[in-house]
Each structure stands twice: as structure tokens, then as C-alpha cells.
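> Below: one structure in C-alpha cells.
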Amino acid sequence: MTRKLYIKTYGCQMNVYDSARMADVLAPLGYTLSDEPDDADLILLNTCHIREKAAEKVYSELGRMRHIQDAKAANGGRTLLAVAGCVAQAEGEEILERAPQVDVVVGPQTYHRLPELIAKAERSRPGRGILDTDFPVEDKFDHLPEERQPQGPSAYLSVQEGCDKFCTFCVVPYTRGAEFSRPVNTVLAEARGLVASGSQEIVLLGQNVSAYHGEGPDGREWGLGRLIRELAEIEGVQRIRYTTSHPKDMDDELLTAHRDVPQLMPFLHLPVQSGSDRVLKAMNRGHTADHYRRIVERVRELRPDIAMASDFIVGHPGETAEDHAESLRLIADVGFAHNYAFKYSPRPGTPAAMNTEEAVPEAVKTERLHGLQQLLGEQGHAFNHRTVGMRLPVLFDGHGKRPGQLIGRSPYMQPVHVDAPDRLIGRMVEVDITEAHPNSLRGRVATSTWDGASAHGVHGAGPPNSLEERAAV
Ligand code: 5AD
Ligand code: SF4
């Protein structure tokens, strides 16, 4: 029997990965993915708890889903509704109270049990929601199907979960639990499967991916740098990325991989959160702003063209105008290619949320956010401008907004729009960059690679290889 499954994913790439794995878990039960919730047999919301706004979205979405469930029930059918992810983990009981039409609440560590949970829900009457938000002793990854459904040109692969760093503002250590790294062999096996089903780019994921320390085939712990080197040996792995990292874990093996591994893309998302040592200390980050500057300097020595991205929080309790100015200074010193800045949002149960005396007023947060976004936006646009006139390999992974247009990513993570035929989707193609926009590029398929998409240089083109080429950005 085939049944339709609609999944809506909020938040980070880890959730995107988890959603794909939930689809894998449910496939043997006959569930196939659908783009629309209206005629789904099972609706799954995979939620995010990182900021208040993200968490609140779930409840409004549950309201909308209720109408769909009611319409189906009026016709004698039933739509099961499941809530997964970090809001499920943090507020499972509350969800069942506020939204009794929810049939299953499942946390990020137990979704391999979805088949049993769904079967149970099917047998019980609506309004009797089932909650499973344990942190089980058994390893979720051991219970997920080995086979993954094809993921397209770029595939996420979770290698590490959880966090032991306890930054004072962050819910992750509570919702995702302690740090855990998957063994090297299982990661490589999953990567081989992804390549066999057509993926060319592997994005290694973890809340703290740079803290990866999985058991290697030699019985020793391997760091992320070593894992990346091994991954690069798999035939067909044309691009490797990883996200998100922490400045404390950026060891030499990882940094030098940016010089040594041609498939490792010249893009580093390394959150710093603030440029003020005082705020970094209050955040329990365990590093200074200068430490961050030194890492950037080192990685740029190793890979001069690397595009940097970071996360910034404005308005952490106690942040003064001078602290904010230091964040702007750090941004000016480093120069970022992408823009991720957030207003501090107090999260229940975190230490920073208890510090209400030093809370920064909302209007001040808004003003500081604009200041940061303006500078980061200018830097991002300037970075994009510097790639105009370059020939870059672009991995096309879908259609652009306009008819006849494809979209792909440059090595630096910039979205690139190009007029090109559909058959180039899933291909790595050399593109001449013609225009820069604040958040994207436009380009033209390079003529030398245009005649016959299977010709040399179209499929399998790598990133710029010589240092001079890299330095040209
Ligand atoms: N408020 C605002 N931003 C937050 N982040 C994490 N917790 C909070 C919070 N309470 C941001 C951090 C992190 C990114 C994923 O989200 O910048 O790196
Ligand atoms: Fe949260 Fe800090 Fe851990 Fe990142 S390192 S997940 S910000 S606690």
C-alpha cells in the first residue's frame, strides 16, 4: 500500500538530514514523499528550537494542519500528524497539551522508532498523542536503514551530534544532548552509497562538526581532518564541505586539509558570535576574538581564496555599545562572504536567559542587528563582485525561478543562476560569472564546455587548483 508523507523542515541542515532519514525509515511502510500536505496520510513537522521565533512557528503551523486533518476526517479519512525535532524534544508535553490533534511527538534521538510509533498511533483514537523523547542508550544510527534514497547532487551526511560546550545562550546541549561521533567506517559507507546514487558533493554535518572524534578502522579516534582526507579517496566524491564548526576545535589536521584536499571547498562557516572578549567570556565560548582572527589568518595562508562565514548574536545580556563596536571591528578585520546575524533570543533553561537584569532592550537589539547586517551585507556583495569575470565550477542542483534557468553553487557557496538546459542538473559545469547580486551570482556556461555536455571539462571539473587561481578571488 502506498501512502503519502509530507515533511516540513525548519531550522538547520541537521534537521534537513534528519527529515531525509525519517523518509528513509518510513519508506518500507509504503510512505512516499509528497510536496503537498492536503492529501497526505502522514504530516511530519521537523522543528527548530534555537530561537523563540522558530519555536513559535510550530504552533501556528499546527493550527493550519488541523484544518487539513479536519477536512480529511469529514471525508471519512485520517491524516496522522507527527512533530519531530528540537521543539518536540524540549516541549513535547506542551505540544500535546496545546495541540491535542498531534498523534506522535518524537525527538531527534528516537526517530528510528517512527514505524512503531506510527503503527501505534494508527491503532489509537485521535487525541491520544504518543510521546517519545528519550535519549536512548541504543545508537539511532545503528537502527536507521543502511540504504538512503537518492539525495541529488549535494547530500548531507551527519557525522556528529550534540554539544558539550554549553554556550550560555544555546539550547542545543539540552535538545540534542551530549557530543557523539559516528564511527569512520559507517560514515564512509554512507558516503559511498550517496555517491553510488548520484551525489557528487558530500556535506558533513554536526552541531559541532569540528569536534568530530569518531572511532577509526584502526581503533583510534579520528578527527574531522583525517575523516575528510579519507572521504576524498572515495571515487566520485567531487566536493566536500562541513558545517558547523567551533573555533576551539580547529586543529591543524583540519586546517591543513584546506590546503591538501582539492575536493574540500574553499568555504568555512566558523561562528564567532561576538567580537568582544568580555561578551565571549559571558557566553562561555572559551576563546577570544584574537584567537578567531589567528585561525582565519592561518586558514587563509593555507587556502588564500577561502570564503569565510560566521554567526553573530547581537544583544546578548550585558552587551554594551563598546562590545557591539568590537563585533563590527572584528567583521571589518576579517571580511566575510556571507551574512548570518541574529538577535539574542532568551531560551528557557539556558543560563543566559536567567540574566534578566542585564537584558538588552529590543529596540537596541534591532538597531545593532541592522548595523551588523549592513556591514556583513556590504562585504558579501563585495565578495560576490570579486568573482565576476572568473570561470568557476558550478554544481547544478535545480531550477531557478525563471523558465530555462538552472541554479547551482560555486565553490564559495554562492548561488549561481545560469540559463542552461535541464540535462545539466546534477553536473559540474564551468561557468563564466557575469553579474554579482547581494546574495547570488549570474553566469554563462563557458563556451569551451558547452558543446556536448559530456565533453571534457563539463563533468568532473574540479575547483581552481593552483594557488594563483585561488588567490585570484
Ligand atoms: N539567540 C539568538 N541566536 C542564537 N543562536 C543560538 N542560540 C541563540 C539564541 N538564544 C545562533 C548562534 C548559532 C546559530 C546556529 O544560532 O549564532 O551559531
Ligand atoms: Fe550551541 Fe555553543 Fe554548542 Fe554551538 S558550540 S551548539 S552555540 S552550545
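Cβ coordinates come from backbone N, Cα and C, glycine included.
Values in this document were obtained by computation on a predicted structure and should not be read as measured data.
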> Could you check which of 276-297, 342-363, 452-473 is flagged in TrEMBL as region 'Disordered'?
452-473
> Could you give me the DSSP helix, strand and coil counts for the domain 'TRAM' (385-447)?
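Taking each residue of the domain 'TRAM' (385-447) in turn, the totals are 6 helix, 33 strand, 24 coil.
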> Does DSSP put C163 ([4Fe-4S] cluster 2 binding site) in a helix, in a strand, or in coil?
coil
> Which of these binding-site residues (C12, C48, C86, C170) have a C-beta closer than 6 Å to some atom of ligand 2?
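Close enough to ligand 2 are C170.
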> For the C-alpha pair, I'd like the distance in angstrom between C163 ([4Fe-4S] cluster 2 binding site) and C48 ([4Fe-4S] cluster 1 binding site), rounded off.
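That comes out at 16 Å between the alpha carbons.
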> Taking just the CA atoms, what is the gap between C48 ([4Fe-4S] cluster 1 binding site) and C170 ([4Fe-4S] cluster 2 binding site) in Å?
12
